[in-house]
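*Asks:* Handing you this structure, nothing more for now.
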Amino acid sequence: AGGQTLTLCLCPGSMGGMLALPPGQGPHQVGCTDVMVGHTRQGLFLRLFYPCLPRAGATEPLWAPRPEYCGGLADVTLGRRWCSALLGIAIGSCRVPVSWNGPLKPCSSGYPLIIFSHGLGTFRTLYSSICTELASWGFVVAALEHRDHSAATTYFCPAEAGTEEWIPFLRVPQGQKEFYFRNKQVHQRAQECVRALRLFQGIAGGRAAPSILPQDWDLSVLKDNLDLTKVAVMGHSFGGVTAVLALVKEPSFRCAVALDAWMFPLENLLYPEVPRPVLFINTEKFQTPESAAKMRRLSSRNSQTRIVTVLGTVHEHQTDFAFLPGKLFSLIFGRRGTLEPHRALAITSQAALAFLQRHLELQEQFGQWDELLEGVGDAVAPDVPFGRSHL
């Protein structure tokens, strides 16, 4: 496989072309910036996607922001640190089709806010396609990079000028029960989602929140351009269950969108405590009967909760990895889904938009996709199917 990786990564013309992320399909152009607040692990690190004004000669940010992320990713996905150079060649020059530090497009009524939580072994930029898509329809999306050792790698900047402290990915320690390890992490992650909301509430209230990263984008421009009565939480896999738990911790979150949620880390006594509706959008091959039973348990307690499955998809379909070329995808992850990735992204985002319109009471046209919430459509099904596969 190593030799195969080499030929794939080093073929002529592959530089920058290995990952072609789609631009947003909504009416707004999308801008993007990174935000880090605080000099300790208790601070926050996130990538912000937002509707922006067109700007000539806008630069596009790198998808893998630093070489360290390729190293972390190689370690987590391939279990081989030596692959990081190859991964760096394959994806290191790929860019996200958004305007880096582009000027915020003003919105007198205020944009609704989504806090986004990443999956296990990933990081803040690996969901750029879904975050860009949602921002293009008029949302501000804050994609967190969690500091609970579940990111492929991440870092913070202590107060000493020019220093960084990296936080590596940790596997479950030998002899420790996975549930207890992951349960502690999911509580930390949900708390980080709440802290992110507090950051934006502070900005809206006029409190200064200087980002400690060197850049031109001033967070205070958000002050009169957010509607913080309309806030949702969203995430993929470990981030999906994080979003569900965030509803328990923070009443300001009005609903959650959970992409292929990994329900395992949540303790059973919390299920009756989930007060708000959840949209579970599952892929075809990831969920277990135990996980499905937990989703149904939430659905039985809240008539507004919905569970749908996008047919012909695998777990990685809901990440940017879906847009890797087929051979490279298969080499890293194994089997690829049969549903075309752009179609999968469209279905996922349209279902999310219809759900968000309903529960954030938005005055948009997203209701046109309501039938997806009932599992009606050519590539969706209600509930969690364990029958004949479309893969």
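The backbone N, Cα and C atoms fix where each Cβ goes, glycine too.
Annotations per TrEMBL:
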- S237: active site, nucleophile (ACT_SITE)
- D260: active site, charge relay system (ACT_SITE)
- H315: active site, charge relay system (ACT_SITE)
*Asks:* Other than its own, how many Cβ atoms are within 10 Å of the Cβ belonging to S237 (active site, nucleophile)?
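*Replies:* I count 24 other Cβ atoms within 10 Å of it.
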*Asks:* Roughly how many angstrom lie between the C-alpha atoms of D260 (active site, charge relay system) and the residue listed as 'active site, nucleophile'?
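*Replies:* Spelling it out, the Cα of D260 (active site, charge relay system) and the Cα of the residue listed as 'active site, nucleophile' are 5 Å apart.
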*Asks:* Applying a 10 Å Cβ distance cut-off over all chains shown, what neighbour count does H315 (active site, charge relay system) have?
*Replies:* 21
*Asks:* For the residue listed as 'active site, nucleophile' and H315 (active site, charge relay system), what Cα-Cα distance in Å is obtained after rounding to a whole number?
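*Replies:* Computed Cα spacing between the residue listed as 'active site, nucleophile' and H315 (active site, charge relay system) is 8 Å.
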